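Summarising the annotation, Swiss-Prot assigns domain 'Globin' to 2-146 and lists sequence analysis as the type of evidence. What Swiss-Prot records for 13, 14, 45, 55, 123 is phosphoserine. As annotated by Swiss-Prot, nitrated tyrosine applies to 30, 134. Summarising the annotation, Swiss-Prot assigns heme b binding site to 45, 64, 93, 96. Annotation comment: Swiss-Prot describes 61 as O2 binding site, evidence class similarity to another entry.
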């Protein structure tokens, strides 16, 4: 069974909820990442000097990660696979020494952040939709890394 229109709609509507409180959701996202993988702090230039704070760079990067996952959902619905529009993403992830476990940490933080953003609208279906979309994005990035 492929990615469904309902899953795409769930990701789209919850992405809009995420963006409504971008500053706080961005801080939450990176706080969750650093709780699981403190060493990841050095992978993000905007986190090196301090922890997650309300900074334009942090917000822009969080919006990019969530936006790429949103785009992955649309691609999965349209063509059943994810291709990267930015060919440089693989190289950046190689340069930062991103490994498989890092993708799992980001996925967990992403899901918890979406859950916080949507509140009582959180459901297993919503979790699955975001999880599948993120897995598609992660697979495309890993492919570009090799």
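A Cβ is built for glycine as well, from the same backbone N, Cα and C atoms used for every other residue.
Overlay of Swiss-Prot annotations on the structure.
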| residue | record | contacts (Cβ under 8 Å, 6+ apart) |
| --- | --- | --- |
| 13 | phosphoserine | none |
| 14 | phosphoserine | 114, 117, 118, 121, 126, 130 |
| 45 | heme b binding site | 57 |
| 61 | O2 binding site | 26, 44, 46 |
| 64 | heme b binding site | none |
| 93 | heme b binding site | 141, 144, 145 |
| 96 | heme b binding site | 43 |
| 123 | phosphoserine | none |
| 134 | nitrated tyrosine | 69, 72, 106, 107, 110, 111 |
Mean pLDDT, the domain 'Globin' (2-146)? 90
Those modified residues listed as 30, 55, and which of them has the most Cβ atoms within 10 Å of its own Cβ: 30
Rounded to a whole angstrom, what is the C-alpha distance between residue 55 (phosphoserine) and residue 30 (nitrated tyrosine)? 12
Taking 45, 64, 93, 96 as the record's heme b-binding set, what's the max Cα pairwise distance in Å, rounded to a whole number? 17
